[in-house]
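Visitor: Sharing a structure with you now.
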Amino acid sequence: MKERKVIIKTGLNLENSYTSLPEIFFTRQSPSCIPSPKLAVLNYPLITSLGLNAQVLQSADGVDILAGNKIPEEAIPIAQAYAGHQFGHFTMLGDGRALLLGEHITPLGDRFDIQLKGSGKTPYSRGGDGKAALGPMLREYIISEAMNALGIPTTRSLAVVTTGESIMREAELPGAILTRVAASHIRVGTFEYVSRWGTVEELRALANYTLQRHFKKGYDKENPYLFLLQEVIEKQAELIAKWQLVGFVHGVMNTDNMTISGETIDYGPCAFMDVYDPETVFSSIDIYGRYAYGNQPNIATWNLARFAETLLPLLHINPNEAIKIAENAVSDFTKLYKNNWLSGMRAKLGIFNEELEDEYLIEDLLSIMHKYGADYTNTFRALTFDNIEDTVLFDKMEFDKWYKLWQERLTRQEEAKLSSKQLMKSSNPSVIPRNHRVEEALEAAVKEGDYSVMEKLLDALSKPYDHSKEQDYYSKLPEPSTCPYQTYCGT
């Protein structure tokens with residue numbers, strides 16, 4: 001690897017504090033060499049926020065770094081080890097096709113993981129080729145950037161490069177590498193891994209590292225590991241509520257895809273719901289609906305219980321006391337989630353203050369939407385219109401009854417009607433990454449090499465709360481189909 005190390009002024013300021021952990025947590029590994037990398041897409045706003053050099057990154061040397069052909073001098077590429085419950089079944093995992101180059105320290109002192117996804121085989125590849133296809137990498141780029149614009153914590157996509165290789169999946173597909181940026185890649189599955197195969201001291205080392213990386217206030221607490229558990233529960237309660245509020249279906253909420261930082265990660269089989277239905281499932285492998293839209297809060301609770309189990313040796317010297325502490329902490333999730341969800345739903349309806357009856361008002365609207373197969377995003381968007389009478393949402397009599405109750409509710413707050421409208425417009429996106437529009441962009445890019453469709457889509461998705469006429473095209477529903485939209489993990 002030494003001959004591939006280079007000094008190129010990309011602006012990357014890399015450290016790798018993760019390698020200070022015991023070696024059970026990672027394996028040092030070089031990326032595979034790529035025959036003819038070409039830049040497909042580069043995230044200029046993210047480059048600016050990270051303090052990187054766009055001109056160098058889009059040069060031949062920069063593209064070689066994004067492809068893994070050249071390695072920044074200060075980088076220590078590693079594949080991270082972790083485990084996870086996949087559809088409820090525990091298994092050993094790890095980075096099977098990704099390498100962490102290091103942690104970039106921004107000019108403001110913030111720390112972000114820089115990871116190459118699709119960079120070749122690792123000791124954790126489990127028989128896979130370690131490669132990634134262009135379509136799924138572009139899809140992650142689109143969805144993660146849309147999530148960021150919606151204000152939802154997420155990993156980001158810095159770039160996608162094509163590799164010049166063909167890889168075999170369901171067919172022969174063009175290869176690609178995505179550069180992912182994350183607060184960290186520490187997962188519930190990382191803790192599960194060390195809990196199963198490591199020592200208590202190695203578990204403590206990971207917990208202490210996580211506190212130092214994400215929750216420094218925990219050091220001053222009487223029980224820092226309880227603080228760690230509570231903070232992760234709070235972050236996940238906020239995150240899952242935000243997913244539900246925009247109709248996002250993750251599709252593969254395995255414990256290895258739940259981050260400790262509270263960011264959304266892994267955009268393989270995800271999609272946004274069109275017609276409101278709590279049983280919405282997009283993933284082709286989720287045949288029993290374990291990860292359906294309406295079940296996401298329950299699965300989050302289940303995942304957090306698995307996280308709490310890993311911390312038992314650190315929570316209390318007495319195992320029975322440790323279990324009680326963990327159970328009490330996890331039981332808080334439901335209330336925390338519901339408070340976040342209700343607060344977000346009130347905002348979507350222009351409600352500033354709290355009343356006990358609000359939940360009934362919200363549930364009544366959702367029930368009507370479900371009954372009439374209404375589009376989730378466009379229904380809330382229509383409620384922001386001044387002339388809502390011109391928009392036929394459901395059965396007129398049923399909707400009029402609900403609408404009257406809603407208008408009466410708005411009178412029981414001090415804020416003016418204009419303020420309510422502004423709150424609604426800032427809480428209800430006019431555009432989301434509609435599945436048919438995403439597929440349209442991917443088909444043009446992958447099959448025709450035309451990235452203009454994707455660029456226009458990304459531009460619209462970058463301003464989801466603008467409510468402009470230009471976004472009307474992206475808010476239109478797909479044509480009715482007898483075949484439901486399905487997603488695939490892309491691996």
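Cβ from N, Cα, C; glycine included.
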Visitor: May I ask you to find which of Arg111, Arg187 Swiss-Prot records for the ATP site already listed with Gly94, Gly96, Arg97, Lys117, Asp129, Gly130, Arg180, Asp266?
Guide: Arg187
Visitor: Count, for each of the recorded positions Asp129, Asp256, Asp266, the other C-beta atoms lying within 10 angstroms of its own C-beta, and report the residue with the smallest count.
Guide: Asp129
Visitor: Run through the Cβ atoms and count how many others sit within 10 Å of the one on Arg97 (ATP binding site).
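Guide: Taking every protein chain into account, the count is 22.
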Visitor: Give the sequence-ordered list of residues that share a chain with Gly94 (ATP binding site), lie 6 or more positions from it, and have CB atoms under 8 Å from its CB.
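Guide: Set apart from Gly94 (ATP binding site) by at least 6 residues yet with Cβ under 8 Å, we have Ala79, Gln80, Ala81, Tyr82, Thr122, Pro123, Tyr124, Tyr193.
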Visitor: Suppose we draw a 10 Å sphere around the Cβ of Asn257 (Mg(2+) binding site). How many other Cβ atoms does it contain, all chains included?
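Guide: Other Cβ atoms within 10 Å of Asn257 (Mg(2+) binding site): 21.
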Visitor: Give me the Cα-Cα distance between Arg97 (ATP binding site) and Asp256 (active site, proton acceptor), rounded to a whole Å.
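Guide: With distance taken Cα to Cα, Asp256 (active site, proton acceptor) is 15 Å from Arg97 (ATP binding site).
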Visitor: Can you grab the distance from Asp129 (ATP binding site) over to Asn257 (Mg(2+) binding site)? Cα atoms, rounded to a whole Å.
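Guide: Their Cα atoms are separated by 21 Å.
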